[in-house]
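Down below is the structure, laid out as structure tokens.
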Amino acid sequence: MTTGQSQLMQTSQNTSIVLSGSYIVFACVTGYTNTGGSLNLTCSSSGVWSPYPNCVSNTQTTTMSSNSAATCSYSSNLLSIANGYASTWSGIMTPTGIQALSGATITYMCTPPYNLVGNSVMTCNNGVWSAQPVCL
């Protein structure tokens, strides 16, 4: 377990049997902020969990002046999720397309017959993306 992982707390129910497509929802403990990555871990068909998110102490995060806002890292892989897709997005900086402005959003939909679990809209808030939804 890495240092950032020790600041995670599991918010979903514990179980001893994990099926492919199962997911675990994490949150950073009080005083820590997610610095990227989904807070939803998913078990793949090969039995491997998706990467853990990273939580850092709020004392280690950058403080922005009142007239500026932190940007979130962005890559095109944020536009796809297993069994779903991004239907709309806004606030992505161009031409580089590697950063999203604070307040940027990505809205997800699931392909039939899958159902969306979590908030359908992922938002960049002062340098941190909210949790990405899962289609089950």
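For all residues, glycine too, the Cβ spot is worked out from N, Cα and C.
Looking at the candidates C28, C43, C72, TrEMBL gives C28 as the cysteine bonded to C55 by a disulfide. When the neighbouring Cβ atoms lying within 10 Å are counted for each of the disulfide-bonded residues (C28, C55), the highest count belongs to C55.
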